[in-house]
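*Asks:* Provided herewith is a single structure, encoded as structure tokens, for subsequent inquiry.
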């Protein structure tokens, strides 16, 4: 899993904005896909035809009153010519230029009835309808107005017309019971009628599907359908099911409240809970298309029921764990190197990556366990449960991906925002002064509102560590385990049918009959009813004499009949105004732009997407404005402004305007130029003069810090460095670059240093080297802290300035222009790891001996040495060993040691502790504590010794590919802490009590071993001894016994039974980055030689019990040493077998020592040693000239000439 998510996490951490934008786009596309699926799903598809029922109204005294249908039927049953309540049926007819069918085109939108000849034609047709209905007696069935107390059969039939721009509404009034005959006759008339080149077509309105709805109409329809169907199911459901769903929704809202509460404890009231919530919503939206692709059936009602289950399953504990790890990071507000690191903060991406790596294992474990349980539920046979579990598993997987990418990107942005907020708060609290500590802002008394909110909602930021830089070691939150148990319980209850899910009854949507009545509030119906009410005339006398108390018309308003008007002659559409031009077939650019803008308007008209876009734009504008404001104020965490060759000068090739220096007229004395920092020519010996602070010229240059000043200074320094590097690469030391800048006064330099732009490295970049030296000489800058003050990109400048400071303060003042190299070296690997107060580096000659065949493989032997003949002699030994088949090595032990000294009140307690350590129980406890500090540290054994009340414990530990002193020291401290709990009276005198023993001769290292213990063996044929080594087997064996064994024993040597093992071992140590001081114990060696094969051949062994080497840490981090290890194939840690690289290096050293031993012993046996050194190590050509007069008298020669071990 780590390998899958690692590239996504790294990209999200270092490209947060791109990641956030990508997921917003992906979620938007997923949203469109989900919306399209919802609008075209079978759940919302209407399985019925919408029925439009008539409406009934009562017209009385010019009033319109809505009545029920039974009132109409009662009046119809009592219908007679003298009835007080007369029933009437209205038939609305709509003649329209627009079609109600979606697949038919309509006439041009500029054609209206009100401005064309078409209206007159349609009105003429409507007037002839009563006489044109074949098979229908319109005159006998139409309604005539009431005059007096009876119907007037001579009165005209009631009709009403209303002309609109695109439609003409005609309303006919008929007596009851003739609806079917009239509809049939009217349809027959329309089908056969072409009146004055105008065709008519009756159209039936289609039911609008949800997929055809626009705007927010479909949202309202979908919500109403969902609520209605869920309500129908709830009415049929058991009470227990309703209670369980209600409890689920209560738990869901409790989860939201807990998210807000825990986010507040992490210091965020809104942005963190919003980000976590949005991440979970995104996971759901991205999971839905995947679920559709896998053909997982989903029902909206089922999703509504399962929503609390999904929320509680996904939960927010894992994102909160990641956020807590990020906001509790020790370097969130602190510089990487502490308070003296020049204010450089660790990048936000690295903080999120480290926090994620700390909690990655537990988070992924919880995800995997929960998904596994949900997969079990998805494979069950319970309807509804398997679909919900499958969807929940997909949501959890997507939530895991979004946590590692989308949420990590948001946390990166939040880290930067928190830093800007912190620095801006400090800047406001200390306006006008240099900020030195983030805790210096004054603490204000909290208001009453803040006290109440802290009491109710909890203290803001209370879950963050109280002490900056210290992480809280908290036990694992049991919420994750509880949630997993709840999920398992929920699935078990469903599978065992202890509770009845609602989803099976909602899987198939039930048809619902929907009846709607005719809308009488439309203008056409209202116009017809008002006209009908105005024609009703009943005498008052008749009303008074009548027994009936109610008189009027009860009207049945039938659904409108839609007739589409199709003009067949273009002359009919000609308006009074000029005719409308026909659009060309080819679309112009403006039309295409207009079409695109119209499409975009419809797109953003979506009720959800429009708010989404507005919210994202507002958030983006506010966040960018806030970040830009912080950057403009110079509040960034990284001192990137001081980096040379930045983007400000990338394309600027214009020459700088010349700076005119005005010499002061009041002071004719010349200004003493500063000493150049580059080496002087060898032909002229350097002269040294004291530093004189120059008098500033008039007019005095003010210490300004505008952006132009910063740019000018940075460009001058870049050009100066380019010229310096070009001069050094060409080898011309005489053409040294001299700065043209005049050294400013001490007061100006202090002003720049203290009041310049922050961090300090930016201010110091405005000063040249001489001005920085001036500050250091006056105590404003410590020489040892130059790297931290100048910045991580100015290591070489720090070395150059320190070199000048030390040289000018010394008696000889030669270091600044000496031959000690300084440039072209990676000092970033040195700082904080290998050396302090660096003024350069010492190059050593590097030679390669061999190759030598070791355990069947050929290896070159790298040797860094200043002793002549050493590499050549070792190469001769390699040649002889290879002739015999090479060297065979065995590793007998691998254990670095550390021996602390522990005091006890009495020898009795010391003895008890010694017995406890040597017992199985004590050893197990100490071993567990020791190995908990590192995954590479493996405790091998413990050796105890008492000296009075002091107990010495020698820890022997395997340390992987590291040499292991730091690793074993850390483990020893932890073991001593555990021992302190069992023996409270013990006092640790020293972590190293010289019982180790490190960098000192000691018999315990020779006897017990330390580091790697290696034994090497080789057989050299006798003819090779004679031809290559120029001696015999018998002479070599005799010399080895008398010199290496008896001679060393006579000297009381410890581990020195060899000729010059330290010579070869130290040379290899220097070449591979080992600690040279450890050659004391590492060169413990016993060289044995004996004849074999009936005295014809030489059998040679080398035993080295304490070779202390590593391929990780220490000097192995330096680039040249790493290159040597890479050449050997031993660089870094072994990928599969920890410790194998360091063990292989120890084997190589033992074999190389054997080659050196064999060659030197052969030279001594043959008497060639002095002659070889005179040829290779005493050449007069390379002898340096003495710096002092030669002492009178003869020179004393030496036999060995520097070969270690020969003097003995």
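Note that Cβ sites are derived from N, Cα and C of the backbone, with glycine treated the same way.
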*Asks:* Need the matching range: TrEMBL marks transmembrane segment on one of 170-194, 195-219, 270-294, 295-319, and I'd like to know which.
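*Replies:* Of 170-194, 195-219, 270-294, 295-319, TrEMBL gives transmembrane segment for 270-294.
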*Asks:* If you look at how TrEMBL annotates this chain, which of 464-483, 484-503, 504-523 comes out as transmembrane segment?
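*Replies:* That would be 484-503, per the transmembrane segment entry in TrEMBL.
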*Asks:* Which of 12-32, 240-261, 390-415 shares the most C-beta pairs under 8 angstroms with the transmembrane segment (270-294)?
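*Replies:* Of the candidates 12-32, 240-261, 390-415, 390-415 scores highest.
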*Asks:* Compute the average pLDDT of the predicted model within the domain 'SSD' (241-413).
*Replies:* 80
*Asks:* Counting only residues 6 or more past its boundaries, what in the same chain has a CB within less than 8 Å of a CB in the transmembrane segment (12-32)?
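*Replies:* Distant contacts of the transmembrane segment (12-32): 282, 285-286, 288-289, 348-350, 352-353, 402, 404-406, 408-410, 412-413, 608-609, 612, 616.
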